[in-house]
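Under the heading active site, nucleophile, TrEMBL lists Cys321. What TrEMBL lists as S-adenosyl-L-methionine binding site is Cys184, Ala185, Ala186, Pro187, Gly188, Ser189, Lys190, Asp215, Asp242, Asp268. According to TrEMBL, the compositional bias 'Polar residues' annotation covers 719-728. The domain 'SAM-dependent MTase RsmB/NOP-type' annotation in TrEMBL covers 66-430. The feature region 'Disordered' is assigned by TrEMBL to 1-36, 436-481, 719-767.
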Amino acid sequence: MGRRSRGRRLQQQQRPEDAEDGAEGSGKRGEAGWEGGYPEIVKENKLFEHYYRELKIVPEGEWGQFMDALREPLPATLRITGYKSHAKEILHCLKNKYFKELEDLEVDGQKVEVPQPLSWYPEELAWHTNLSRKILRKSPQLEKFHQFLVSETESGNISRQEAVSMIPPLLLNVRPHHKILDMCAAPGSKTTQLIEMLHADMNVPFPEGFVIANDVDNKRCYLLVHQAKRLSSPCIMVVNHDASSIPRLQIDVDGRKEILFYDRILCDVPCSGDGTMRKNIDVWKKWTTLNSLQLHGLQLRIATRGAEQLAEGGRMVYSTCSLNPIEDEAVIASLLEKSEGALELADVSDELPGLKWMPGITQWKVMTKDGQWFTDWDTVPHSRHTQIRPTMFPPQDPEKLQAMHLERCLRILPHHQNTGGFFVAVLVKKSSMPWNKRQPKLQGKSAETRESTQLSPAGPAEGKAADPAKLESPSFTGTGDTEIAHAAEDLENNGNKKDGVCGPPPSKKMKLFGFKEDPFVFIPEDDPLFPPIEKFYALAPSFPRMNLLTRTTEGKKRQLYMVSKELRNVLLNNSEKMKVINTGIKVWCRNNSGEEFDCAFRLAQEGIYTLYPFINSRIITVSMEDVKILLTQENPFFRKLSSETYSQAKDLAKGSIVLKYEPDSANPDALQCPIVLCGWRGKASIRTFVPKNERLHYLRMMGLEVLGEKKKEGVILTNESAASTGQPENEVPEGQRAGEPNSPDAEEANSPDVTAGCDPAGVHPPQ
């Protein structure tokens with residue numbers, strides 16, 4: 001228990017805050033670094049220089065450039081997120097509007113450097129700039145660009161993410177059908193990259209693959225949820241476990257239980273973070289080799305657990321934001337050695353053209369915090385055996401070392417492309433790990449088989465003097481097979497649960513940490529709540545109603561969520577062993593006065609892109625001009641909209657509607673990505689139910705500058721509306737003039753659901 005809790009504490013405390021991402025997690029610290037908010041820290045550490053000079057990780061003659069780069073502030077980098085057609089529109093807007101305004105601009109006599117694309121990131125979707133926040137505020141043009149960045153970041157369309165942090169997801173080579181595990185996922189920028197890759201084809205609402213994003217820190221899990229929610233995917237699940245002992249899950253395959261093996265695993269482990277010195281400048285004074293020595297065992301356990309859960313033929317990326325071989329090559333070498341040929345390093349040298357990197361090293365030494373060096377395990381005195389482990393040294397056998405191909409690892413040095421420091425290794429699984437070779441089939445096991453599988457992990461451990469991964473976590477190597485042995489008992493226990501109810505794990509130990517989560521309850525096929533919804537929206541027969549869930553077992557269901565069928569399978573078969581923080585996207589919300597209409601549930605903007613392909617009724621096709629009016633006015637009445645829109649709306653009954661904009665390829669100046677909005681057809685007006693940031697995003701994509709808003713009237717002022725001389729924009733809609741205090745429009749505006757998650761145009765949560 002002592003070692004396990006120490007490992008958990010190391011994951012929570014030693015992982016450098018925001019080691020991977022520029023804004024999330026500790027944005028205030030990052031900004032302070034740019035603007036001198038830190039007390040003066042001398043960027044010197046003699047032990048650091050002595051250590052890395054001795055290890056020769058920097059090419060001959062480049063040491064001065066390496067140290068100079070570490071002392072410079074890190075350039076701001078941004079990644080355009082979201083799915084393809086929307087991402088391309090944002091890129092078009094950035095390049096043709098905001099970046100052009102920065103050309104030939106001078107601030108305080110200095111020419112502003114225009115942002116440049118990262119040469120190795122596909123499709124120009126990642127950019128870097130040396131502009132600091134302080135400079136951004138000095139010029140009106142820069143201020144406008146700054147506001148654009150802030151707003152688009154809030155709505156999730158742009159992510160301020162460190163350049164090197166974007167590399168691991170790219171090297172995973174994700175396809176839409178892949179089952180992916182992100183072992184140490186918070187704060188979540190890499191996770192969002194993985195989700196984007198799953199949804200490469202926007203016409204497929206439910207990709208076959210999914211992402212299970214895990215983090216040991218309960219609070220950081222909620223940050224992870226916030227990040228993932230921006231992409232509105234039904235294929236993401238956030239769980240809260242110690243990555244070094246994350247449970248092995250089961251899924252149902254054609255009526256039989258099978259172990260879930262992942263096609264792709266991202267293993268971005270907690271590390272000492274000396275590659276982040278340019279951003280987290282307190283690392284300069286805190287750096288010592290002790291951090292690496294303490295983290296090595298945990299990193300190896302996490303990587304081994306990942307390798308156990310990887311499918312044969314699958315790919316695992318191991319990464320750290322540390323330059324230290326104790327956390328890098330030593331972990332990989334030890335993992336390869338214990339895998340006995342089951343794993344091998346992939347050659348990815350040509351997968352990211354334009355990226356500069358150094359090959360992994362094959363020889364290194366271990367240094368204590370007081371500067372004492374050891375070249376191999378035999379020279380380490382017994383008194384140091386708790387601090388220094390045999391797995392920290394390179395393999396002694398030259399043939400074995402050569403066969404590992406450690407040069408296939410990638411070390412990113414700060415001075416080569418003006419980035420942070422980083423390490424990446426890509427592993428491919430060729431066969432089962434040695435201690436899992438004789439995995440019995442789940443069905444029809446004999447007692448003898450069960451006994452032999454529980455003992456089998458001891459085999460590989462014999463003769464290996466001290467393997468921390470096996471000594472420190474006995475359940476670790478044996479967990480897989482032991483859990484398989486107990487799976488039949490689990491199946492029997494599952495029979496006692498309510499059908500379709502996935503509650504939190506019953507273990508008292510689990511409940512000691514963090515918040516108790518509501519259960520996930522799938523809607524039964526015969527639930528009377530669904531037929532009115534199905535009829536009202538004319539849902540297609542292919543609609544996967546079995547994937548609908550709610551978060552309550554009692555009372556009225558207020559929100560309906562949706563997951564992919566693959567995640568439904570995972571949820572139903574693992575609720576006893578998995579602490580799920582969040583999954584599913586909101587697709588319907590209950591109306592406060594819904595019983596007065598044909599359907600008690602209105603559509604939610606969060607899930608509309610997933611739901612839209614199945615809806616065959618209550619769809620209104622709108623023009624770009626209509627979209628502008630709907631997004632800038634609270635309740636525009638019919639006569640303000642085009643005659644085509646009015647003709648579609650006039651015969652519809654009151655209630656929730658879909659507003660669809662289709663791009664016109666014949667008009668290249670118009671917005672070239674489809675837009676789907678949730679709305680409400682009132683007595684004589686139409687209202688949109690779209691969150692504020694999303695609304696502003698669409699307006700910008702249509703070329704409108706948001707100048708301000710009149711909160712009382714719910715009107716957004718744009719460069720077009722300010723210039724127009726027609727009817728006043730704050731005219732009260734007819735429906736309200738007619739005196740409808742209890743109309744759904746008015747009631748929805750005040751409903752807590754709306755202001756919290758799907759605020760209608762013009763109705764804003766309290767500031």
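Each Cβ is built from the backbone N, Cα and C atoms, and glycine gets one as well.
Automated prediction, rather than curation, is the source of TrEMBL annotations.
Note that the coordinates shown come from a computational prediction; the quantities given were computed from them, not determined experimentally.
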I'd like the Cβ neighbour count for Gly188 (S-adenosyl-L-methionine binding site), meaning other Cβ atoms within 10 Å of its Cβ, all protein chains included.
31
Which of Cys184, Ala186, Cys321 has the fewest nearby Cβ atoms, counting only those within 10 Å, among these recorded positions?
Cys184
Residue pair Lys190 (S-adenosyl-L-methionine binding site), the residue listed as 'active site, nucleophile' - Cα distance, angstrom, rounded:
13
Tell me, how many other CB atoms lie within 10 A of the CB of Lys190 (S-adenosyl-L-methionine binding site), whichever protein chain they belong to?
27
If you measure Cys184 (S-adenosyl-L-methionine binding site) to the residue listed as 'active site, nucleophile' at Cα, how many Å is it?
13
If I take the alpha carbons of Gly188 (S-adenosyl-L-methionine binding site) and the residue listed as 'active site, nucleophile', what is the distance between them in whole Å?
15
Mean of pLDDT values spanning the domain 'SAM-dependent MTase RsmB/NOP-type' (66-430):
91
Would you mind reading off the Cα separation of Asp242 (S-adenosyl-L-methionine binding site) from Cys321 (active site, nucleophile), to the nearest angstrom?
20
If you measure Ala186 (S-adenosyl-L-methionine binding site) to Cys321 (active site, nucleophile) at Cα, how many Å is it?
14
